[in-house]
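These notes are about the structure you will find just below.
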């Protein structure tokens with residue numbers, strides 16, 4: 001099976017089944033792309049029985065290829081990635097996105113989540 005983000009965004013229906021399925025977003029960061037903000041990527045995932053098996057993200061502007069496979073780790077341009085090991089949240093950096101949904105109920109949820117996150121004594 002095949003699920004394309006752009007076609008789903010255009011209103012086409014999509015159902016994730018147990019069949020092996022490619023999930024592709026050819027312009028991940030469409031809003032960034034439209035506004036010429038250079039953080040866009042091509043994102044591809046492969047799912048079997050509704051479980052992610054591997055994913056590939058190509059950051060076009062940075063010329064970086066991120067890959068990950070279930071149980072095999074994650075890599076950037078072939079170099080293994082690993083978490084920082086930082087366990088003290090006050091020394092951590094929090095990164096988030098507000099998304100593009102402007103439905104009033106969604107905004108309430110997003111802002112509530114942001115309020116909870118911002119109350120954590122994070123480094124930045």
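Quick reminder: no glycine exception, Cβ is built from N, Cα and C everywhere.
Listed in TrEMBL:
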BINDING   5, 25, 27, 28  Mg(2+) binding site
- Task: Ten-angstrom check, please: count other Cβ atoms within 10 Å of the Cβ of residue 28 (Mg(2+) binding site), all chains counted.
- Result: 19
- So which of the binding-site residues is most packed in, judged by how many other Cβ atoms lie within 10 Å of its Cβ, out of 5, 25? 25
